[in-house]
């Protein structure tokens with residue numbers, strides 16, 4: 001976990017720094033990429049230390065525990081929104097390139113990023129507003145190790161599995177991933193059709209040359225890979241949560257498997273800078 005945290009911080013700081021100092025990289029797509037990198041930096045700086053602390057089951061007031069537990073959900077949601085915004089941005093760039101500069105501006109992108117972060121906090125911290133197991137845990141722990149009004153701070157004890165499955169996974173992770181899948185399919189189908197047209201005849205005045213379209217497709221492929229890696233890293237943990245919720249008689253997943261899927265989900269914050277560098 002320490003190695004993942006350090007790599008996530010270093011790699012994504014470099015991404016943000018590159019966008020900051022290089023005017024050629026200061027475009028709408030890279031604003032969303034920088035927002036995604038900021039979420040990954042926060043995973044290394046805050047979410048991973050919080051997760052390690054939670055694994056000790058320390059005693060704390062339930063809502064303090066919920067903040068520790070839910071902070072990573074805020075960052076996950078921010079990543080999802082950034083990836084969805086990038087997909088829509090690329091869709092507009094390829095489908096209606098002549099209107100792109102008018103529709104997609106830096107000011108609008110920054111406003112969208114701000115809204116996405118506000119929504120991410122609202123969604124990720126929903127358990128702190130009442131959808132939690134605090135009352136059950138406080139009554140259970142009142143006569144045990146923790147003092148009055150405190151609970152043993154473990155993620156699965158304070159965050160309801162119903163929230164994780166129905167709200168966090170189905171509504172806020174799986175649905176956006178399916179939307180992104182549809183958007184990227186539309187992007188590649190549109191790009192394929194346009195490339196075939198440019199093979200048979202030169203583009204009319206005002207249309208993009210073939211080389212520009214190929215660059216757009218290459219960028220879209222890189223971003224689609226990032227979405228695929230996000231799904232690969234996060235879906236195993238959500239699948240285990242679904243088994244736990246829908247099949248209580250199946251028992252809990254082995255601790256080693258839970259740890260492996262948690263490390264895999266945190267590891268997603270490391271991979272994106274390597275994709276940018278390689279592609």
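Cβ coordinates are placed from backbone N, Cα and C, and glycine is handled just like the others.
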In TrEMBL, one of 140-164, 165-189 is tagged transmembrane segment. Which stretch would that be?
165-189
Two-stretch contact, the transmembrane segment (32-54) and the transmembrane segment (223-246), at least three Cβ pairs under 8 Å:
no
Rounded mean pLDDT within the domain 'G-protein coupled receptors family 1 profile' (11-276) lands at 91
Out of 66-88, 109-131, 165-189, 223-246, 258-278, what stretch is closest in contact terms to the transmembrane segment (6-25), meaning most Cβ pairs under 8 angstroms?
258-278
